[in-house]
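Colleague: My structure is below; once you've seen it, I'll send some questions.
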Amino acid sequence: MATLYTFPGNFRSFKALIAAEYNGMDITVEDFDAAAAALSPLGKAPVLKTAGGVIFESNAIARYVARARADTELLGVSFVDQALVDSWVDFSSNELELPASMWTYPVLGYMPFNLAAYEKAQKDLAAGLKTLNDHLLLRTYLVGEKITLADICVTSALVYVMKFVADKDYLKPFGNVVRYFQTCANQPEFKAVIGETPMCKEEMMAPGAPAKAKKEAPKQEKKKKKDKAPAADAPPPAPKKVEHPYKIMDKEKPSKFSMDAWKKAYSNAATYEKGMEYFWENFDMEGWSLWHQNYNYNEDNKRIFMAANAVGGFQQRSDEIRKWAFGVMDVLGTEETVLEVKGVWLFRGDTVEHMKQANDDANWYTWKKLAGPGLAPTDEVKKQVFDYWCQENELEGKPIQDSKVFK
C-alpha cells in the first residue's frame with residue numbers, strides 16, 4: 001500500500017487520487033509535515049511513499065498510479081495516444097495550473113492579493129482555456145473516446161477555478177470547456193475525490209481585492225415629444241428592495257454586543273482564555289444566540305482533505321451573513337474510524353433560519369441551541385464553546401484533523 005503525503009484540498013493531489021479510483025488502488029492520505037517534507041528532494045507536497053521508494057512531483061506520482069493497471073488505459077491506447085496524453089498533462093501544468101493558482105490562492109487564503117498578478121492570471125488562464133475550447137469542439141475527451149490521465153490532470157487543475165472564481169461572464173467564450181469539465185467532474189471516480197462541484201455563480205474576491213464594478217444599464221436616448229396618445233394603464237411601481245432581516249434587527253433591537261470588536265478580540269487576544277473572558281463579559285444573551293452544528297451524513301466523509309474542502313466551501317457560501325455570524329468548524333476523527341464535521345456558531349437573533357436562507361448547505365446539518373434568548377449559558381456550555389473555538393489538537397476525545405474559523 002502507498003501513502004500520499006499532502007495538504008488538505010491540494011488540487012495537485014487530486015490527480016493521483018482520481019487515477020487510483022479508476023485503477024482500484026488503495027492509497028493512504030497523510031498530512032504533509034516536516035517528516036514528509038524530508039522524503040522529497042524538493043521538500044514540497046505531494047510526495048508518495050511506496051514499498052519500492054519515494055516518488056515526488058504530482059505528475060510523476062499520477063503517472064505512477066496510472067501505470068498500476070494497463071487495462072484501464074489511463075495513459076492511452078496506442079503509442080501515439082500515450083504521447084498525446086503526456087502532451088496534455090504538460091499543457092495542464094504549464095498553461096492552467098499556474099494561472100489557476102495565482103487566481104484562486106488569494107481567495108483561499110494561501111497568499112496575499114496582488115492586483116497585477118490577479119489580472120495576469122485571468123488573462124493567461126483565458127489563453128489556456130481557448131486552446132482547450134478549440135480542441136474540444138468536436139471531442140468529448142482530450143485523447144480518444146474515454147477518460148485518460150490527461151482529462152484527470154486538466155479537470156483537477158480547474159476544480160477551484162470553476163467552483164469559486166470563474167463566473168458565467170468569464171466562461172462565456174469557453175462553452176466546450178464548461179461541458180467537458182462537467183462531464184468529467186460528474187464521473188463517480190472524480191466525485192469520490194473532489195466531491196460535488198457546483199459551478200461558480202459570482203466570483204469570490206480575495207481580501208484586499210477591489211470591489212468588482214457593477215454593470216451599468218445602457219443609457220436610453222431621449223425620445224422626441226409626440227402627440228399625446230390615449231392614456232394607458234400605468235405599469236406597476238418597482239418593488240422596494242427588502243432589507244436583510246439582520247439589518248432590520250439591528251435597527252429595531254440594537255445590541256450592545258459588537259461582532260467586529262469580538263472578532264478582533266478573538267484574533268488578537270494574548271491567549272484563548274483572555275479572548276473567551278472578553279466574549280462572556282460582553283455576550284448579549286437577548287440579542288445573540290449560540291448553536292452547535294453537526295453534519296447529518298458524517299458516514300459519507302471518507303477522506304480528510306475532502307471533508308476539509310467541504311468545510312471551506314460551506315463557510316465561503318455563508319458570506320452573506322458574515323457581519324452577523326462567527327463560527328468554528330472542525331473535522332474530527334480518523335479515516336480509519338469516522339470523520340465528523342461539527343462546529344459552534346454565534347448568530348444575531350434567536351434562529352439559524354437566516355443561515356439556511358443564505359447557504360442551502362446549512363440544511364444538511366442538525367442545529368442545537370446552546371444559549372441565547374430564554375436559555376442562559378451553563379458552565380458546561382461555556383466549556384463546550386471554549387473547546388470548539390480554542391482547542392487545536394483534540395476535541396470530544398477525537399483528534400482535530402482540520403479547523404476553520406468563520407470571521
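A Cβ is built for glycine as well, from the same backbone N, Cα and C atoms used for every other residue.
Under the heading domain 'GST N-terminal', TrEMBL lists 1-73. The domain 'GST C-terminal' feature in TrEMBL is assigned to 78-208. Residues or ranges marked as domain 'EF-1-gamma C-terminal' in TrEMBL: 242-407. Annotated region 'Disordered' per TrEMBL: 205-243, in sequence order.
Context for these features, please: burial, neighbours, distances.
Modeller: Helix first, then strand, then coil: DSSP counts for the domain 'GST C-terminal' (78-208) stand at 90 helix, 0 strand, 41 coil.
Mean predicted confidence for the domain 'EF-1-gamma C-terminal' (242-407): the pLDDT average there is 93.
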Colleague: Under DSSP, the domain 'GST N-terminal' (1-73) has how many residues in helix, strand and coil?
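Modeller: Looking at the domain 'GST N-terminal' (1-73) with DSSP, the answer is 26 helix, 18 strand, 29 coil.
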